[in-house]
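A.B. asks: Below are the structure tokens for one structure; questions will follow.
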Amino acid sequence: MEVEGALKLVGEMGIYQIYLSFLLAVLLQLYSATEAIIITILGATPPYHWMNDSLTANGSRGKQYGSQLPAEGEHGHVVFDGNFTSIVSEWFLVGGAAYEVSVSSSVYFGGVLIGVISFGQLSDRFGRKPVYVTGLALEVVFAVMNALTPIFPLFLLTRFLVGVMNGGMSLVAFVLLNECIGASYWAAAGSLGSLCFAVGIAQFALIGYFIRSWRLLALLVNVQGAAVLALSLCIPESPRWLHAQGRLREAQESLLSLGRRNRRKVTSFTLCPRQKDSAHSANILTIYSNAILRQRTLIMMWVWFVCSLVYYGLTLSSGDLGGDIYLNLALSGLAELPAYPLCMYLINHKRVGRRGSLAGFLCVGGGACLLIMLVPGKTGSGPLSVLNSQTLSLLGKLNISAAFNIVYIYSSELYPTCVRNLGMGVCSMFSRIGGIIAPFIPALRFAHWALPFIVFGAAGVSAGLLSLLLPETLSAPLPETLADLRGAPYRRLEPDGEAMLHRPQAELGAFTNGSSEEDEEEELDAVRECQALI
């Protein structure tokens, strides 16, 4: 019996898996979102003026929002007038030093870049649970250090380390949850996590509204992380990972444990051993020496890069709207919420599926960004008054949020279990490169006001078109090994493809191109080449 069949016996989404979903897709994502966007408040610039002429850095008079916070020391000529503190007022990151706020954001995503690729390989080797728990514990520690750091260089270092842990453990937690539930619930779990990430942005804005000291704010948000860590100590290891590693007894015990916690009366069963094609030695060569994985990976790397670039680029650009920073941040998160129910409906619709939804959201989001250059301001009164740069930017944010949600789910289904975490880590690595670059894209407006949106739009449309070259995974069984990639059930499904999945293996041979024995031998040769390269 395969793992998927065993999960049907013990429960694909029972009581305990609902608890795991609440822990890893709700509570954890609320905390992860906080650490990911915390710099939007910690790095906010309070209104200020120069004591010599009461003028702000750009030559306009500063606004009074609350008690004055005069600067001290060598920066004593600066007076901050806001009713909140930030790293800007702490270390005087104004004027020529203002760029250092963007650097702190890029440093974080640089850490995430390291985390997603290194944690992927670590969890494939040492297990999902120990790598996830260790990463979460270290993130809480480094985040507390970040709140207490006395100097800006140490602040940058701890932000980098928080990024490493946040990016790495979030990816592993996502895979761990998916490998503990039935494949038919992967989309729901992924959408729930993305939904809670958006809620986490609004939650952080609410907390920041009441806590105006950046140090106290950065410290208290880790209470949630510590609570999630305590609850994570008792979760099981992934049965799919144990099975892929050839640890059949432990995999069976893990599945039986899920059954008991789901209150299922499960009879004994025996898992079939799997080919040890790359379970113990998978690395980047395993992916790029396989033609199918290589094509999928190259396309998905660009898609992940674009999703991150446009998502964070539009988020940072929303800061130019003016008004209350807490309200703007909350709306930025809440604006994503409509994307997820729509996304859930479309990715499970047989006429759209994963591939069609991803391509559609990317193209619509990119098209909205391109339209901004045609309507830079308000278009007047009447129905067309809603067609302005702010509305189109919000539409782009909504669509790219949906695409970001789909790309996690879709990537999980494109890779076999033996390299799933590694493959997602490689793709997610390029997403973080997009995050590193994103803080600097809005600065292109100094060359031409529409240039940032042209970049976002062109990137989104190109990624959407390229994603059409990928296979559809809706209703297809999850591949476990490299050999499964060439099996008929894993090929692109036709309208009646779902029915084909239940036909005997002998009948499936009629739907393949060429001899199935030749395909299997070719795949085994590829596996041997991978092992030889390692």
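Heads up, the Cβ atoms here are built off N, Cα and C, so glycines get one too.
OK, Swiss-Prot features for this one:
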type: CARBOHYD; residues: N52; note: N-linked glycosylation site
type: CARBOHYD; residues: N58; note: N-linked glycosylation site
type: CARBOHYD; residues: N83; note: N-linked glycosylation site
type: CARBOHYD; residues: N513; note: N-linked glycosylation site
type: TRANSMEM; residues: 22-42; note: transmembrane segment
type: TRANSMEM; residues: 97-117; note: transmembrane segment
type: TRANSMEM; residues: 136-156; note: transmembrane segment
type: TRANSMEM; residues: 161-181; note: transmembrane segment
type: TRANSMEM; residues: 191-211; note: transmembrane segment
type: TRANSMEM; residues: 216-236; note: transmembrane segment
type: TRANSMEM; residues: 297-317; note: transmembrane segment
type: TRANSMEM; residues: 327-347; note: transmembrane segment
type: TRANSMEM; residues: 356-376; note: transmembrane segment
type: TRANSMEM; residues: 391-411; note: transmembrane segment
type: TRANSMEM; residues: 424-444; note: transmembrane segment
type: TRANSMEM; residues: 450-470; note: transmembrane segment
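Looking at the shown structure, can you explain where the listed features end up?
C.D. replies: When other Cβ atoms within 10 Å of the Cβ of N83 (N-linked glycosylation site) are tallied across all protein chains shown, the result is 14.
Long-range contacts of the transmembrane segment (22-42) within the same chain: residues 84, 86-87, 101, 104-105, 108, 136, 139, 143, 159, 162, 166, 170, 173-174, 176-177, 189-190, 192-194, 196-201, 203-205, 208, 214, 217-218, 221, 224-225, 227-228, 231-232, 235, 315, 319, 325-326, 329, 333, each at least 6 residues beyond the stretch ends and with a Cβ under 8 Å from a Cβ of the stretch.
With a threshold of 8 Å between CB atoms, the same-chain residues lying at least 6 positions outside the transmembrane segment (97-117) that come near it are 36, 39, 43, 45, 57, 87-88, 91, 135, 152, 155-156, 159-169, 171, 312, 316, 424-426, 428-429, 431-433, 435-440.
Same-chain residues lying 6 or more positions outside the transmembrane segment (161-181) and placing a CB less than 8 Å from one of its CB atoms are 7, 12-13, 17, 20-21, 24-25, 28-29, 32, 35-36, 107-116, 118-120, 122-123, 128-129, 131-132, 134-136, 138-139, 142-143, 146, 189-190, 193, 235-236, 238-241, 258, 408, 412, 417, 420-421, 424-425, 428, 432.
Counting only same-chain residues 6+ beyond the ends of the transmembrane segment (191-211), those with a CB under 8 A from a CB of the stretch are 21, 24-26, 29-34, 36-38, 41, 174, 177, 217, 220-221, 326-327, 329-330, 332-334, 336-337, 340, 343-344, 401, 404-405, 408-409.
Long-range contacts of the transmembrane segment (327-347) within its own chain (CB-CB distance under 8 A, at least 6 residues past either end) are made by residues 33, 37, 40-41, 187-188, 191, 194-195, 198-202, 204-206, 208, 315, 318-319, 321, 353-354, 356-357, 360-361, 394, 397-399, 401-402, 405-406, 409, 474.
Cβ atoms under 8 Å from those of the transmembrane segment (391-411) belong to residues 174, 186-187, 190-191, 193-194, 198, 300, 303-304, 307-308, 310-311, 314-315, 317-318, 332, 335-336, 338-340, 342-343, 347, 354-355, 357-358, 361-362, 364-366, 368-369, 371-372, 375, 423-424, 427, 453, 456-457, 460, 470, 473 of the same chain, restricted to positions at least 6 beyond its ends.
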A.B. asks: With contact taken as 3 or more Cβ pairs under 8 angstroms (pairs 6 or more apart in sequence), are the transmembrane segment (356-376) and the transmembrane segment (136-156) in contact?
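C.D. replies: Contact criterion not met.
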A.B. asks: May I ask for the residues of the chain that lie six or more residues beyond the transmembrane segment (216-236) and have a Cβ under 8 Å from a Cβ within it?
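C.D. replies: The answer is 20, 23-24, 27-28, 30-31, 34-35, 38, 41-42, 129, 132-133, 136-137, 139-140, 143-144, 146-148, 176, 180, 204, 207-208, 254, 257-258.
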A.B. asks: Who are the long-range neighbours of the transmembrane segment (136-156) in its own chain, taking Cβ under 8 Å and residues 6 or more past its ends?
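C.D. replies: Same-chain residues near the transmembrane segment (136-156) but 6 or more away: 28, 35, 87, 91, 93, 100, 103-104, 107, 162, 165-166, 169, 173, 215-216, 218-219, 221-222, 225-226, 228-229, 232.
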A.B. asks: The transmembrane segment (297-317): which same-chain residues, six or more beyond its ends, come within Cβ distance under 8 Å?
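C.D. replies: That would be 37, 40, 105, 109, 287-288, 332, 358, 362, 365-366, 369, 393, 396-397, 400-401, 403-404, 407, 410-411, 414, 423, 426-435, 437-439, 441-442, 452, 455-456, 459-460, 462-463, 466-467, 469-470.
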